[in-house]
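Record features (TrEMBL):
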TRANSMEM  A:7-33  transmembrane segment
DOMAIN    A:20-440  domain 'DUF112'
TRANSMEM  A:45-71  transmembrane segment
TRANSMEM  A:111-138  transmembrane segment
TRANSMEM  A:144-164  transmembrane segment
TRANSMEM  A:171-188  transmembrane segment
TRANSMEM  A:208-225  transmembrane segment
TRANSMEM  A:258-281  transmembrane segment
TRANSMEM  A:323-344  transmembrane segment
TRANSMEM  A:356-375  transmembrane segment
TRANSMEM  A:381-405  transmembrane segment
TRANSMEM  A:463-489  transmembrane segment
Amino acid sequence: MEILSNLALGFGVALSPLTLILAVVGCFLGTIIGALPGLGPSNGVAILIPITFTLGLDATAALVLLTSVYYGAMYGGRISSILLNIPGDEPAMMTTLDGYPMAKAGRAGDALVISGVASFVGALLATLALAMVAPYLARIAYKFGPAEYFALYALAFATLGGMASNNQAKAALASFIGLAIALIGLDNNSGFYRFTGGNLHLADGVDFLVAIVGLFAVSEVFVFIETHGKASAVGVKLGKVTVPWAEMWSTRWTMLRCSAVGFVAGVLPGAGASLGSFMTYMMEKGIAGDKGGFGTGVAKGVAAPEAGNNAAAGGALVPMLTLGVPGSGTTAVLLAVLMTLNITPGPTLFADRPEVVWGLIASLLIANFVLLAMNVPMVKIFVKVLMVPPAILLPGVTMISFVGIYSLSGSYFDLVLMIVFGVMGYVFRKMDIPTVPVILGILLGYQMENNLRHAMTLSDGDWTYLFASPIAAVLWIAAAVGFIAPMFLRGVLKRPQAPESAIED
Amino acid sequence: MIRTDRIFGVVVILVALAFIASAYNLPPGNIFDKLGPKVFPIIVGVGMAISAAAMIMKPDAEPDWPQARSLLSLAFATVVMVGYAYALKPSGFLIPTAIVAGILSYQIDPKPVRAVLIGVSLSGGLYVIFKYALGLGLVALPRALMG
């Protein structure tokens, strides 16, 4: 019953008026961010980070706000998938397959309600599972020494890189570029400056928030300038929204199965929400067989990926909180938040700062109920937001990014650096080089090097020490498998693309 | 045919070599810090070079680069934003923000009157939100005008 007392502690923290208001604001902003094509959970959270800090919120309050945005964006992604056949963010891609056919058949309201409830079921069960699993994993993590942590970081890069790109060489390159950027600046152990080229602005290193906002938000502007915002959403129509109880009830097992599978997919480092929704959709399609009519607009086809990706979003918090290793791009961004707040995620977090961990979990539970209310009865508000033309939205996002970064340091240099990262993000996206490993490298580079140096000093320079313990060996093997396996699986698990032609009509 | 991946790979290898060379000049480790500041950067540099070499050996299909006109407008957007970075401090928030937001808006959807309106209203609206709702210390106008 330890979990109940822990949750009681959490609700004690989370049920203050300020955190409740922040949760509601975060859920609202998050749903909008998720619904807008071109803004997903990672860039949405990224833009809001600097602003959160300048507001002077404490650690718990900042986390509540940003994780509510995170969960909200996962809910919101489905709205544009269903109405426009454009995924609001990547994990919502599978929802287009049955959601858009339902909308075309005049059942957009039903699709939104069913997928909203599926999101709720997935996210709620995953949050409860997080509360149960995380403390145990934190206990195992106490056994980790520097060699194990180094192996764990390697595993995170291998699996995240392996999943994120179609080309392993490009994923590996992105990781190394991130690590190289992390090494710029003062080396705390030796007191030497490295790779600054004599530039004083680089002496403190590259702030990962600058990199994140540049890669995720500024690069988006370039994409929209090139395409002239073709993916805009003018002319969306949605009739009266009613709740199709019987049809929803028929998807109950789908929702439960997909929540379980999605959670596991989320916990695996690197797999994340996109894989969660993909796996659950394919699983349900297989179970339903040809008679299931998947792809023609059936309720199970929207329930499965939405339960899956929201459960994965909760699952991805497990490795982030217990080990300090993010399981997805957005949790990498959340890790950046924690590090900026001087909170080191990992096993000690559960012992030293229980109010942060359990306050976070409690506020996630609250956020879920807020989101259910916003996304089912109030869904029409967000449909209106979809009509904001990109010619207003993207300049707005850019200006917010500039002010956010400027308010952190007040330095023009960081702004220029952010633009450089924006250009880099655009070019990388064109070349199909994933940007998430770059972020991960910048975030983890310092700790990865420290653990390696620590391990080598302990072993007096014996490199086999890195593979000596059973935990480390298992992690290395998992890393190798995670990096190599996608090369072979890619042919088998070819992702179905949303039909391009459907966007035009 | 020379492909983007190959050119990019060569550039990365050159950068990686410079990175490794720079790391070599750092001091070696000692008894308290066996590897010192140089070994991990060298590993990272070698990793960069190897992955770039793999890109050169086996490049992907050519990315779908925009046409010259689009590239030009992307370059222009970059220049405008860099200009904004330098202008923000001396000229205050309102004027540069209105100009840049207007230009970006026009570049996404070329409707001049609307772009001007969007620039001005975004600048004013964001200023009010940042200054009064979020309490950021923004300066509205050039310092010379503020006295």
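Cβ coordinates are placed from backbone N, Cα and C, and glycine is handled just like the others.
Regional average pLDDT for the domain 'DUF112' (A:20-440) in the model is 85. Same-chain residues lying 6+ beyond the ends of the transmembrane segment (A:171-188) with a Cβ under 8 Å from its Cβ atoms: 157, 160-162, 164-165, 194-196, 202-206, 211, 428, 433-446, 448-449, 483. Contact check: the transmembrane segment (A:144-164) against the transmembrane segment (A:463-489) gives at least three Cβ pairs closer than 8 Å, residues 6 or more apart, which meets the contact criterion. With Cβ pairs under 8 Å as the measure, the transmembrane segment (A:356-375) is packed most heavily against A:111-138, out of A:111-138, A:258-281, A:463-489. Within the chain carrying the transmembrane segment (A:208-225), a Cβ under 8 angstroms from the stretch's Cβ atoms is held by residues 38-39, 42-43, 46-47, 49-50, 181, 333, 336, 339-340, 390, 394-395, 397-398, 401, 404-405, 408, 414, 417-426, 428-429, 435, 438-439, 442-443, all 6 or more beyond its ends. For the transmembrane segment (A:7-33), the list of distant contacts is 39-41, 44, 48, 57, 60-61, 64-76, 79, 131, 354-355, 357-363, 366-367, 370-371, 374-375, 382, 385: same-chain residues at least six beyond its ends, Cβ to Cβ under 8 Å. The transmembrane segment (A:323-344) makes no contact with the transmembrane segment (A:381-405), as judged by fewer than three Cβ pairs under 8 Å among residues 6 or more apart in sequence. Residues 13-14, 18-19, 22-27, 29-30, 33, 123, 209, 212-213, 216-217, 310, 313, 317, 330, 333-334, 336-338, 340-343, 353, 355-356, 359-360, 363-364, 367-368, 370-371, 397, 400-401, 403-405, 407-408 of the same chain, all 6+ positions outside the transmembrane segment (A:45-71), place their C-beta atoms under 8 angstroms from a C-beta of that stretch.
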